[in-house]
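Visitor: First the structure, which I've put down as C-alpha cells, then a few questions once you've had a look.
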Amino acid sequence: MKSSDVILQTTSKIVFFVILLFAIHLFFEGHYRPGGGFVGGLVTAGAIVLFLLAFDIKTVSILLPFDYKWVTAIGLLISILTAAGSIVFNVPFFTHTYDHFHLPLIGETSLHTAALFDLGVYLVVVGVTMTIIQTIGESE
Amino acid sequence: MSLLHIAILSPFIFAIFIPFFYKGFKSIHTGWFTLILPIVLFLYFLQFLPKVGGGSSVIETISWIPSLNIDFTVKVDGLSLLFALLITGIGSLVTLYSIYYLSKEKEQLNTFYVYLLLFMGAMLGVVLSDNLIVLYTFWEFTSFSSFFLIGYWFDREKSRYGAQKSMLITVFGGLSLLGGIILLYIMTGTFRISEMLANVDAIVNHALFIPAMIFILLGAFTKSAQFPFHIWLPDAMEAPTPVSAYLHSATMVKAGIYLVARVSPIFALDQSGLWIWLVGGIGIITLFWGSFNAIKQTDLKAILAFSTISQLGLIMSLLGVGAAALHYDYLDDNIFMVAIIAAVFHLINHATFKGSLFMVVGIIDHETGTRDIRRLGGLMQIMPITFTIAFIGAFSMAGIPPFNGFLSKEMFFTGMVRVLQMDIFHLETLGFLFPLIAWVASVFTFVYSMIVVWKTFAGKYQPDKLSKKAHEAPLGMLISPVILVSLVIIFGLFPNLLSDTIIAPAAQSIMPQFIFDDIHISHWHGWKSPELYMTIGVIVIGALLYLTAAKWKRVYRLFPEKLTFNKLYDALLPSLETGSNLFIRSHMTGFLRSYLAYIFIFFIGILGYTIWSKDAFTINRANTAEIGIYEIVLALLIVIGCVTIIFAKSRLTSIIALGAVGYTVSLFFVIFRAPDLALTQLVIETISVALFLLAFYHLPKKFRHEESRRFKLNNALISIAVGVIVALIAISSYSTKLFDSISKYYVEHTYDPAGGENMVNVILVDFRGFDTLFEISVLSIAGLGIYGLIKLRMTRRKEG
C-alpha cells in the first residue's frame, strides 16, 4: 500500500521520537513515579504502530529490522537471569539489590537490579505486542 | 522364599519358557514339556498328606507390602491341600489329554499352554494363600486366564461372546469380593484369614458383618456359577474341551466353593440365619435349576455344563446346611456335621466323574465331528472303551452304586433329611423344602445322566449324519479318562481310603470347632434309613421319566424363552449402552451455551446455598467511604455503557460501548488514585478495541446482518442470579473484615530496603516479582499462540 499521506508521514517521523522518549521516560521513572516496563513497552509498541499506520509493514521492517519473537525471548531470558542471578550470591531466588555508583558522564547514580528485570518485562511487552500486530497485519 | 512359594509361582515362571519350547522344538508337541510341571507339583503336594492328616498345617510367609499388612503368606491345611491336589492332579491328566486333543499343526499351542499354566498357578495361589489380598490377586488371575482360554478360538464369534460374558460376570463378583475383603479388614485390622479366625467374635457382632458376608458370597456365587449367575458357564463351553474339563468342571468353578468353605468358620456363626438360607438356599435352587435345564439341552457339552452348575449347587447347599451344626451343642456326635463331610466328599467325586465325562465328550467330538445327541447314537460297539468310561462316569453322577457318586449322594440325602430336625431360623417350617427339592433335582440328575449315556451310545448308528467315520479314540486320549474313572470306582469301593487322609482334615479346616476323627463312609445304612428309599425312588421315577421323556418334554415350552436370565443378560448389555448413550446425549449437547449454563447454575446453586445455609449475608457500613459526585457520574456512565452493550442492535455499537466502559474504568482508576493502572488500562483498552474491530471486520458476510439479541428468559434469570450472588458476596465479605490489611508493610519498606518510591512497581518487580515473571511468560505464550494459529493455518491450507 503506497500512500501519499505526506502530512501523516512527516508528523509521524517527528512524533515517533517524542513517543519513544516518553516511553523511555516512563520506563526509567518506573521505580519512583508511575510507569515501568509494562506501560513503557506498550507505549514503545504504540510508536512503532504509528509508523506502521503511516508507512507499511515492509518499510517498517526495513527501518526496524527486528524479529519480535526474538525480542520476546531475549526479554524473558533477561528477566529470568536477573531473578536467577541472586542464587550465585547465595541468597534466595529473586532477591534484588541496589547501590549507588559513580559513573562517568552521568555522575552519581543508583543502579538497581529491579531495573534489569523491568527491562526484561519491557522487551517482552514490545515483542509480544508487535508479534501480534505484525502477524495479524500480514495475514490475509 | 520357601519351596511352597516357588511351587505356586513355578507355573508362572514355566509359562515364560513355553514359547521357546514351542519355537525351538517344532517336532515335539509343546504339551509334553508342560506335562512335567503339574506332575512334579502333584508329587510335591502329596508329601504334605501325612503332616496335614495329622491335623497340623504348614505356614510360610514372605514379605510383599508389609506397610499395608499384605504379605505373601501361604498356608497348607486340609482344605488347601485337597484343592491343590485336585488342581495339580487333574491338571496333569488334562495336559496329557490335551496333547492328543489339540493338533500340533493346526493350533497355536504356545498360547494355549501359557494360558493353562497361568491358570494353574493362579488357582494354586487362590487355594494356598492365607492373605486375602493375595487371594484376591490370584482370584482375578483365574478370571483373566479363563477369559483367554474360553476365547482361545478367537476367530469364532461365540467364543468371544462366551469369554466376554464370563469375564463380565466373574469380574463383577471379583470386585464385590474385594469389597468384602476390605470390610473384613476394617473389622479386624488384618488380611490374614487365620488371624481373622482368632478374632471371630468381634466380627460376628460388628455392624459390617452382614454386608461383608453378602459381598463375599457374591464373589463366590459368580465364580461358582450359582443361580442366577450360572449363565456364563454354558457359554464358556466354547472353549477347547480340555479347558472345559479342567476349568469349568474341576477347578475354577470350585474356587467359589473353596471361598465359601474357607470363610465358613467366620460367617457360619452368623446369628441371623442369613448364611444358612443364602448358601443353602441358593445352592439348592441352583441344584434344581441346573438339573432341570440340563435335560432340555441337545449338545453334550451343554448338558454337562448345566450338570456342573447343578452339582456345584449341591455342594454349596451342603456347605450352607452344614453351618447349622454350629448352632447346636458342640458334641462329637453332632448329626449336622455330616453335611460338611458330604460336601468335601462330593467335591472330590465330582472332579473325578465330571472330568472323565468332559474328556469323553471331547473324544466323541474328536472322532465323530459332532456333539449333538440328535445326530449321535449306536457308538457302543464302535467305541467300547469310551462307552465304558461314559457309563461309569454318568452312573456315578446319577448316584448309582457301586460308584463314588452313590456314596456322596447318599450322604447328601442324609444331610438334607436332617434339616428336618433343625428348629432354628424358620427351618422348622420351611426346612422340608431342602430334602424335597434335593430329591426332585436328583431325579432330574438321573434323567440327564441317562441321556448322556444312552442317547450317545445306544440306539442306531447313523453314519450319514456324522461328518467323520467314527472309530475308537487313540490310546493317549483314553489314558486320562481311564485314570479318572478308575478313581471313581476305587473311591466307590474303598471310600475310607480318603476319609482319614484328606476328607477329615479338609472338614476340619471348614469347621475348626469340631473334631472329625472318626469318619466312616459306608454303603449300607440298613433298611430303616430314609436315604435308601429316596435313592430307590430316584432310580424308579428317573427311569420312568427317561423312558417317557418324549411326552413330557413339552413342559419346557411352557416356560417362555424370553424370561430366562440369558435373555435378561443379552438385553441388559445393549440397554446399558443405549441408556448411557441417552444419558450422555441428554446433557452433552455440544453447545457451549449449555455448558456455560450448567457452570453458572452450579455456581449460583452452590454459592447461594452456602450463603443461605450459613446465614452469611451481612451489611456493615462502618468501613464504607463517602460517595462523591465523580463516582456517581462515572458509575452512571458505566451502567449506560453496559446497558448499551446488551441491548445494542449493531455489533459495532456494542464494541464502541465496551470501549467506553473500559475508558470509564480507567477514569475510576484515576479518581481512586491508581495512576499505573489507569495508564495500563487506557493502552490495553485501546488495543483490545482495535482487535474487536478487526474481528468484526472479518466476520463472514452471512453473519454480519444486524439483528438485536434474542431474549431468552432462562439466560436472563441466570445472569441476574449470578450478578445478585456476586454482589451479595462482595457486600458481605466487605462487611466482615476480620484482619487488617498487610499493605502497611509495603508502605514502610518501599524505599528502604527495596530502594524505590513507586509502591506498585516495587511490588510488581521486587516484593512479588515471581508473579510478574510468569505473567510475562503468559504474555509470550499468547503472542506465540497467535503467531502459530495464523501462520500454521495458512500453511495447512496450502497443503490441503
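From the backbone N, Cα and C atoms, a Cβ is placed for every residue, glycine too.
Residues or ranges marked as transmembrane segment in TrEMBL: B:6-25, B:79-100, B:112-128, B:134-154, B:166-187, B:202-222, B:273-292, B:304-328, B:334-364, B:475-494, B:595-612, B:678-699 (among others). Taken from TrEMBL, the feature domain 'NADH-Ubiquinone oxidoreductase (complex I) chain 5 N-terminal' applies to B:65-113. Annotation source TrEMBL lists domain 'NADH:quinone oxidoreductase/Mrp antiporter transmembrane' at B:129-424. According to TrEMBL, the domain 'MrpA C-terminal/MbhD' annotation covers B:636-701. Among the features that TrEMBL reports, domain 'MrpA C-terminal/MbhE' is placed at B:713-791.
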Visitor: Below 8 Å between Cβ atoms, which of the listed ranges B:166-187, B:202-222, B:304-328, B:475-494, B:595-612 makes the most pairs with the transmembrane segment (B:334-364)?
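Guide: Going through each listed stretch, the top one turns out to be B:304-328.
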Visitor: Can you break down the domain 'MrpA C-terminal/MbhE' (B:713-791) into helix, strand and coil residue counts using DSSP?
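Guide: Counts, helix then strand then coil: 62 helix, 0 strand, 17 coil.
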Visitor: Give, as a single whole number between 0 and 100, the mean pLDDT over the domain 'MrpA C-terminal/MbhD' (B:636-701).
Guide: 89
Visitor: Six or more residues out from either end of the transmembrane segment (B:202-222), which same-chain residues have a Cβ under 8 Å from its Cβ atoms?
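Guide: Answer is 139, 169-170, 172-174, 176-181, 183-184, 186-188, 196, 229, 255-257, 259-260, 263, 266-267, 269-272, 274-275, 278-279, 282.
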Visitor: Which sequence-distant residues neighbour the transmembrane segment (B:112-128)? Criterion: at least 6 residues beyond either end, Cβ under 8 Å.
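Guide: Here the qualifying positions are 4, 7-12, 14-15, 18-19, 22, 30-31, 33-34, 37-38, 41, 74-76, 79-80, 83-84, 87-88, 91, 94-95, 98, 102, 134-135, 137-139, 141-142, 144-146, 148-149, 152, 240, 243, 246-247, 251-252, 255, 258.
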